[in-house]
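Feature list (source: TrEMBL):
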REGION    13-33  region 'Disordered'
DOMAIN    38-65  domain 'C2H2-type'
DOMAIN    66-93  domain 'C2H2-type'
């Protein structure tokens, strides 16, 4: 499944906040949308919500609306900015349970863990 043509157009423009036919009609339950999938036309990745697809499309379009207030870096997603801000703050909330190292994000911890497995 994927969005209708009208919704695809809104997603590609970065304006998909709500389906035009549902505007003003109250919210639908997750149960109604459980089977619905939104696919990226560029890479085929699927999402359960249109807003996640909208954020994802920004990566392909190199749109980076979320700027760091401490340097000139910009990001496609607010979560990427959040991880970046940890670097400025020196916050490393992800500890390795095998050594004393700590990491800025779960992805760095996962890479570290995999490298530890190669050593063993």
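Cβ coordinates come from backbone N, Cα and C, glycine included.
Remember, it's a predicted structure, so these values are computed and weren't measured experimentally.
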Spatial neighbours of the domain 'C2H2-type' (66-93) far in sequence, C-beta under 8 Å, 6+ residues away: 55, 58-59, 102-105
Model confidence over the domain 'C2H2-type' (38-65), averaged pLDDT: 90
